[in-house]
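Participant: Swiss-Prot lists 639 with the feature active site, proton acceptor. Feature annotation from Swiss-Prot assigns Mg(2+) binding site to 362; the stated evidence is similarity to another entry. Under the heading compositional bias 'Basic and acidic residues', Swiss-Prot lists 211-221. Positions annotated as intramembrane segment by Swiss-Prot, on the basis of sequence analysis: 11-31, 65-85. Swiss-Prot lists 53, 59, 395, 396 with the feature S-palmitoyl cysteine. For 178, 289, the entry in Swiss-Prot reads phosphoserine. According to Swiss-Prot, the region 'Disordered' annotation covers 209-237, 250-320. For 510, the entry in Swiss-Prot reads site 'Important for substrate recognition'. Here Swiss-Prot flags 1-10, 32-64, 86-655 as topological domain 'Cytoplasmic', drawing on sequence analysis.
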């Protein structure tokens, strides 16, 4: 299948569209700014608390007539542009595909050659998040603002979180708690160049945006600094290190056994990555607040590159650190922190290391999507953005916004399909909400069979009273997915050209598994075909599952304005009741604060990550290895991202 790299089939239509949008944009921007000036966020209200009341009134009286005058002047040009823009949308393609070719060991071509489908299985990590990148006036309804700056910041945090090396540390002694269990996959144990020194007892902590792994290097950084000298082909991000720590000497770590050569992790140049938001000034002790892009100081260990590697220590140098992989017995290596669960689960201050696939919702603003794409291309080679339709299409209502879906992948994308839900109503009908279906290649067998997986990203109808509409959309989602798999599958069943190893659905479904008003969606047949790792049954959640929708009134409270603070708050029941959104009752009663004291559960979980156990290649299975709720985007969106790591292996292989 040919992937569309431009929204229009020829340059003539593209130029005409650019001219028409240039005529519309001033009017669009003025309306957005005018409305936004009357919708302050709680953060802005606190900033203005000490200002005299007359100052705000003076600014409003002064600038409102100016905006209105400019708006009236821009209206004729906007009308002229709309006359050309609207019919052009019938020729517009439903997405734009971008590839920034990466020839490094972490690039897509190199990743395909790593796994042949033989021997041990392979894990794939998926993440989904609603990032609320709407036009600023609409974003303020969710108590977030400055969409363009947030887009840069979100991309930067995701990139730096995913680019960390995947390190797992197991502590033998229950009394040795010197290493936080808050982020079991985000600890780095630096070793000397000889690879024979013990893991240091003291650890230097750092913010996630300060860490730049090789996979997280921005394209412009590589152009400025040049490639790192002496890079080896085996230093990919897929390398992981398992460090086993004993508790015989208190907080002192034991020396790792039997170093495995070639297990490396790379640390890029220090300092702040390119693309940092200009109005975010980093300060000591400030981790992830609105005044700093720092995302956390609790769970990530920063290696001192120049000290042990013998490098020059210059800011532009890319030093490499050797990580000694201890030989751990298979039973010990697979030991889980939660014996009562088949997989590890946590509230993490970071996106998972070695993130393979990212699905985002509510990336509605085109300029924000471009900034987000620029940041994420430093880690993800393949990106689909500006997904959706505009104008009038078929029997659908007029669409002012696209679907808001955004997809990024480290693996090559083979096929893509998009469908718009035709039954949207109310304000949701103005956006072309739908489903994006993707087929990705993750490897090839020695017999040249492609190893592939299917991913569906969606965003369902939002108004809480429209359960029937969401159920219809879930029906359409299943039908479209079945058609997509049928149209993109290999023709021969006896000798297939492809092996399907995973089938994942993720996105914001706008209903939870604890509200009595959402019973219709909770019992949908989708949950019989796809497994929800957080769910026991209709209306019944697993005890460790928490809500993913934050209470927007508390987004900028000091207790939750940094990833680390939000992580700590969500690990306590009192904190969850204070800062997560809970089901709203249609019956009259107490207010939000008083009602929460009577509620049970852990909040509204409306962001889902589902995987299929059936429909995969015979003798293959996909099992959840890790599941995490992520706080790294605190202060930037009103949702918690979620991530899932699937272990794919042949059925006959024993764990």
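The backbone N, Cα and C atoms fix where each Cβ goes, glycine too.
Worth saying up front: this structure is predicted, and the values here are computed from it rather than measured.
Can you tell me where each of these features sits in this structure?
Facilitator: The Cβ of residue 639 (active site, proton acceptor) lies under 8 Å from the Cβ of 129, 130, 131, 132, 508, 548, 549, 550, 606, 607, each of these being in the same chain and 6 or more residues away along the sequence.
Sequence-distant contacts of residue 362 (Mg(2+) binding site), defined by Cβ-Cβ distance under 8 angstroms and a gap of at least six in the same chain, are 130, 131, 132, 133, 134, 404, 459, 508.
Within its own chain, the intramembrane segment (11-31) is flanked in space by residues 67, 70-71, 74-75, 77-78, 80-85, 88, 91-92, 135, 137, which lie at least six positions past its ends and keep a Cβ under 8 Å from the stretch.
Within the chain, the intramembrane segment (65-85) has long-range Cβ neighbours (under 8 A, six or more residues past its boundaries) at 16-17, 19-24, 26-28, 30-31, 33-34, 37, 391.
Under the three-state DSSP scheme, residue 59 (S-palmitoyl cysteine) falls in the helix class.
Around residue 510 (site 'Important for substrate recognition'), a 10 Å sphere centred on its CB holds 26 further CB atoms from the protein chains shown.
Residues 17, 88, 91-99, 386, 413-416, 488 of the same chain sit 6 or more residues outside the topological domain 'Cytoplasmic' (1-10) yet have a Cβ under 8 Å from a Cβ within it.
Within its own chain, the topological domain 'Cytoplasmic' (32-64) has Cβ neighbours under 8 Å at 71, 135-137, 140-141, 143-145, 290, 553, 555-556, counting only residues six or more beyond its boundaries.
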Participant: Between the Cα atoms of residue 510 (site 'Important for substrate recognition') and residue 59 (S-palmitoyl cysteine), find the distance and write it as a whole number of Å.
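Facilitator: About 38 Å separates the two Cα atoms.
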Participant: Ten-angstrom check, please: count other Cβ atoms within 10 Å of the Cβ of residue 59 (S-palmitoyl cysteine), all chains counted.
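Facilitator: Within a 10 Å radius of the Cβ of residue 59 (S-palmitoyl cysteine) lie 12 other Cβ atoms.
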Participant: Where does residue 362 (Mg(2+) binding site) sit by DSSP, helix, strand or coil?
Facilitator: strand
